Amino acid sequence: MAFGDLLEQVGATGRFQVLHVTLLCLPILMMASHNLLQNFVAAVPPHYCSEHRNLSQSQLSPEEVQLITVPLDKSGKPERCQRYIVPQWHLLAKNRTSNPEEEENTDSGVNWHLVCDLRPLKQMAQTIYMGGVLVGSICPEFDLSDLRTCTAFSTSFSLFCLFRFICGMALSGLVLNSFSLIVEWIPTSVRTVVGTGTGYCYTIGQLILAAIAYFIRDWRRLTLAVGLPFYVSFLYSWWFLESARWLVLKNKPEQALKNLKSVARINGRSEEGNKIDLEESMKKELSCSQGSYSMLDLFRTPTMRTMTICLSAVWLSTSFAYYGLAMDLQKFGVDIYLIQVIFGAVDIPAKVVITLSMSFAGRRPSQCAALIMAGIAILLNLVVPYEKQTARTCLAVVGKGCLAASFNCCYLYAGELFPTVIRQSGMGWVSMMARIGAMVAPMVLLLGDYIPWLPGLIYGGAPILSGVAAIFLPETLGVPLPDTIQDHSLNLAAFWCWNSFSTIRTFGPKVCQ
């Protein structure tokens, strides 16, 4: 009897699974609020150079001071980062332009003067945050939940970056553990639906962020508002049961049996839970529990090495292109709150399509198609004139939707590919690759100041290349989760047997024995 059979015995889709998945999804709901927070706390509002010192005490109106101080661009609007060397007094005799209605500067980018020559610091802050997420994916055991709201009380840009780094560390460990626990307590039959539902939590989180940011314009209050819900998650997180499968493989059968009986009790199957004989049911898993595993096992065998490299490429490029699009909302010339809603809403149909595709066509073709289509949409944006903002925005939305679908697929796909004994290490590794991509993405945006088309070329080329790499991954549709590295090798052999012959019923058993 395998672990899947034990899970059916205690209840595979009962009250425990519903409550377990729901509570684990709540932190994921707010994950987007932190990953995309910088779009709002560091947004750059209209700004102009300050007036000359000799004008500070003059009797001129603000409109007149701006007229003789700041030149106009080609569209007739004041330049943001240029100023006349000396006041142009002769312009007072000509037609004047009025100053836009002044708004309260409540963005950290203005508070710390992250404009003009200091604008790259805004991208650096996002890179530092993703660096924290990277460290958190390597060391997910660190619990820094209590420090998530400290960013709101930063008194300098340096402290802001430090606390964002710590926040990234805390968030990464939480999300990795959540996905692993979700996958290991649900049966194969509903894994696709549950994985997609988990992805929708992130989608809804993007819409929640836009709503919160619209009503809370002050960046300190906004940061505090998106951080406080995690304290609630921290309080009930002590209720979660560790994966029984993982406990057995870590040579803790007594705790695994206790957890299985708890699940049976919650699902109303206490009698079946008392009949469980763990030693008889999971002989293979118990025999494997004597060994020790590390991240090096991801590269120890040729099959594991190929799979890990291909998954690394998929995760890195997906995250790289995703955050390259999602973290530069102001370039589309649309209200950032509206474009955030659009970018979030496109995930809904995208994930419906990818769910159907994963369920019927399989994980591998779905992953390949999502990445290649995203790359094509981004590359097409390079040939659309900058003046056609609507067409550019539509292509960007299509690309972002495909990347969201790719994310939805790769989280489930990677969780199914890695064996249980190294699943946490494997998910940590590919998450690390994703964070490296997310760290590099903001820096690539700065290349646009020198070669305008280069960021788009890089963002579009990376998904296409990784989509080709995903062809070398095995299919996992309908395949039980592998517990050991040997199980993974057997699954891979069966997969290639299936693909080597047109009729598995005739040829498969002869080759796969």
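Glycine residues also receive a Cβ, built from the backbone N, Cα and C atoms like all the rest.
So that you can see what the record holds, here are the features copied from TrEMBL:
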- 157-181: transmembrane segment (TRANSMEM)
- 193-216: transmembrane segment (TRANSMEM)
- 222-241: transmembrane segment (TRANSMEM)
- 306-325: transmembrane segment (TRANSMEM)
- 337-356: transmembrane segment (TRANSMEM)
- 368-384: transmembrane segment (TRANSMEM)
- 390-414: transmembrane segment (TRANSMEM)
- 426-447: transmembrane segment (TRANSMEM)
- 453-473: transmembrane segment (TRANSMEM)
Recorded stretch that, among 157-181, 306-325, 337-356, 368-384, 453-473, has the most CB pairs under 8 Å to the transmembrane segment (222-241):
157-181
Under a criterion of three or more Cβ pairs within a distance under 8 Å and sequence separation of at least 6, are the transmembrane segment (453-473) and the transmembrane segment (390-414) in contact?
yes
Cβ-based contact of the transmembrane segment (193-216) with the transmembrane segment (390-414), 3 or more pairs under 8 Å:
yes
Cβ contacts under 8 Å made by the transmembrane segment (306-325) with residues that lie 6+ beyond its boundaries:
35, 126, 130, 298-299, 343, 367, 371, 374-375, 378, 396, 399-400, 403-404, 406-407, 410, 413-414, 417, 426, 429-431, 433-438, 440-442, 444-445, 455, 458-460, 462-463, 465-466, 469-470, 472-474, 488, 492
What same-chain residues lie close to the transmembrane segment (337-356): Cβ under 8 Å, and 6 or more beyond its ends?
32, 36, 39, 192-193, 196, 199-200, 202-204, 206-207, 209-210, 213-214, 325-326, 329, 366, 370, 393, 397-398, 400-402, 404-406, 408-409
